[in-house]
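Colleague: Features from Swiss-Prot:
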- HIS566, HIS570, CYS668, HIS672: Zn(2+) binding site (BINDING)
Amino acid sequence: MKVYGVNELRKMYLDFFESKGHLKLNSFSLVPQNDKSLLLINSGMAPLKPYFTGQEIPPKKRVTTCQKCIRTGDIENIGKTARHGTFFEMLGNFSFGDYFKHEAIAWSWEFLTEVVGLSGDRLYPSIYLEDDEAFDIWNKEVGIAPERIFRMGKADNFWEHGAGPCGPCSEIYYDRGEKYGCGDPNCTVGCECDRFIEVWNNVFTQFNSDGNGNYEELENKNIDTGMGLERLAVVVQDVDTLFDIDTMKAIRDHVCKMANAEYKVDPKKDMSIRLITDHIRSVTFMTSDGIIPSNEGRGYVLRRLLRRAARHGRLLGIQGKFLAELSKTVIAESKDGYPELEEKKEYILKVLTIEEEKFNKTIDQGLSILSEMEEALVSNGTKTLNGEDAFKLYDTYGFPLDLTKEILEEKGFSIDEEGFKKAMQVQRETARSARAVTNYMGADASIYDEIDPAITSNFVGYDRTSHTSKISVLTTETDLTDEVVGGQTATIIVDETPFYATMGGQTADIGFIVGKDAEFEVEDTIKLKGGRVGHLGTVTKGSFKVGETVTLTIDTQKRQAIGKNHSATHLLQKALRNVLGSHVEQAGSFVTSERLRFDFTHFSALTKEEIAKVEAMVNEEIAKNVPVVTDVMSVEDAKKSGAMALFGEKYGDSVRVVTMGDFSKELCGGTHVANTGSITVFKILSEAGIAAGVRRIEAITSNAVFEYYKSMEEELHEAAKVAKTEPASLVKRIESLQEELKTALSENEKLKAKLANNSLGDVMNQVVEVKGVKLLASKVTDADMNGLRNLGDQLKEKLGECVILLASASEDKVNLIAMATDGAMAKGAHAGNLIKEVAVLVGGGGGGRPNMAQAGGKNPSGIDAAIEKAVSVVENQIK
């Protein structure tokens, strides 16, 4: 049997099924598209679910793919055994109501035996025990003896996932030989050893299950085939494990080289070598698909894999950053099948480098602290690290909980995970209040810590702009107090408030609080610990006391402007996902009354066309003037409704879902307009990158857009005035001025050439002969570098074989150029070396080729000395 590489096998498979009428599709992204049931694509069928369910019409009834997949369910076993991996490629051929069992079985056999060249005697099919149709196809059509066809039960050979389409499977096993067996003479298909390995699985989707054991025959039957590319390579290449196939071995060998280690010598090192080899594939492909390291969702999976690999690199003794360098091998080995890896290489390496740098800055100190904690556990006779200590490692030293857990488990310890969660919650509350306080005149957090925990504030501002309530707390900048008077800066807390505190990227309301003969200007509104809302500002009239009833009124004009910009961010996010893809996720936002800022995950700058599409899409939704509807529901109901939520965000029992027609639906606690038409118009001002894989858009809406265009119009009129034309004719006027400038520059060049020609006769008299070679070293007036070059070319034509050095000065700038003909160079002349020696005399430097070189300087007074020195330099050069 011929041995094929992974890249060859991938191509052979796709080409084979393309020859059978299948549409060959590129691998889908690891980021699921419109599938909230998956964090990452984990099978070949996963991206095609809409075609199987009928939600979407497939591009063709026959499709074949090689799908990149990530599975981290058994991440703890990666490296410990040679069987497990997080990244794999799944080969698949699919039929959507077209061919069925006969073709699927026949083609699987044909590919394995005739294309790949596996021996039919070593292949064993399995079928669902009641699937007589599949048995007859294998037996009568393919020619497999009955005793070599294995009937198995539902657990092994029937694909079913709750209610819905389902069906029997037919797998194909390959006998790798006794050397991979368990030693049992009765070892056969189904044994847990490594001898009989499943290489192919045909799923025959022919029933619809009601979930209660009742099955109805489907009118349109489907084929879902899966074959692990790496597993096929293990069989074809006859190697022990997936870490020995050609592409994996290349990565494994690179790891060994970096660590100066040999594989299969030290079991502990082998574990780290395998783990790094696997994880670097995952992080390379995940980063390529726009996932960036973070503390939530897919980003957390990436960060966890990357940091595990980095730590095991240290265990192997690899010094400094190494993951980006190792990723180059992954890209080199996989770019045939995934050319986007090469296209995004610079981006991938940058993301990996930045993340590894972050980790390296904290890991040494963190490991030292963890070691001290381990010693304390031993001395205290306990096996469990408390949650506060685990959180300290996470919060201070950047150790993910999983990493701390993994390190401790290696040494027989565990972690109090509930205690960790409680410590994190405490930190979040503290951070919120600290941030809020810092935003207000540097007030001390202890002021707010002294407030009775039983005191709360209720926000009532969704449907009102003014409200009457009772003062529950008053503070100055330094103390809790019962009264504040005119001129004092203070914080007022009431039972109920229409003022929105800064949260979720939306800036706070401002306004006034009015009491009996008293006024307070609210300059900021902050969220405090315990759900309290602080109104920060200045007493402008009278005094306020705790217990008094006051009227709170927000600045409605500012609230409306904020609402327009906030609603626009929802439309913007949806438009970005529609135009760029569902990998786009919110990475931050900032909404004020003047403008909005939206940060999102994306791996490249937006083109002008993409920006225009996004802007047009948002304005189209604004023009529809659909109601902005807010519903309060449970988190589960919100998710079922398809509302977008931020990864990792904590929500209460009930949430607010903001819906804008059939275009946008998001979980959001902010304030919005009543209908999209109120936004009036939307304009993107800028788009730029702010971090690896994160872009930022700044935009304006409503009156700000009109002001923007008004300003632009004024600038246009001013420009037209300067150009002495009308705005409508400005483009033509600029084009005309450009032509005039071009003509003037051309005339200028002609004049320079004329001056150079006039200089030609003057300098010809300065030619000297040095060891049989003509040398012309001269000063020229009113010539730039281009003029010197043109003059030099003309002199060469007149002089024949020669060496030329020309110098020109303009104010405090000197230009030098040297030239040598072929004949002069044959005798040893070198223009570059000539320039190098004389340029120092004019306060400059330079060099170049033997035939031509140039330099600049800042000392015109040295020109004469430079010209004089040329003779001795050339004299030394000529042989």
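Just so it is clear, glycine is given a Cβ too, placed from its N, Cα and C backbone atoms.
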Colleague: Under a criterion of Cβ-Cβ distance under 8 Å and sequence separation of at least 6, what residues of the same chain contact HIS672 (Zn(2+) binding site)?
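Modeller: For HIS672 (Zn(2+) binding site), the qualifying residues are GLY563, HIS566, SER567, HIS570, VAL628, THR630, VAL658.
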Colleague: Name them in sequence order: residues not among HIS566, HIS570, CYS668, HIS672 whose Cβ is within 8 Å of the mean position of the Cβ atoms defining the Zn(2+) site.
Modeller: GLY563, SER567, THR569, VAL628, VAL658, GLU666, GLY670, THR671
Colleague: What does DSSP say about HIS566 (Zn(2+) binding site): helix, strand or coil?
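Modeller: It is helical.
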Colleague: Around CYS668 (Zn(2+) binding site), which residues of its chain at least 6 apart sit with Cβ under 8 Å of its Cβ?
Modeller: GLY504, HIS570, ARG656, VAL657, VAL658
Colleague: Measure from the Cβ of HIS566 (Zn(2+) binding site) and count the other Cβ atoms within 10 Å, all protein chains considered.
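Modeller: Neighbour count, Cβ to Cβ under the 10 Å cut-off: 25.
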Colleague: For HIS570 (Zn(2+) binding site), list the number of other Cβ atoms lying within 10 Å of its Cβ atom.
Modeller: 27
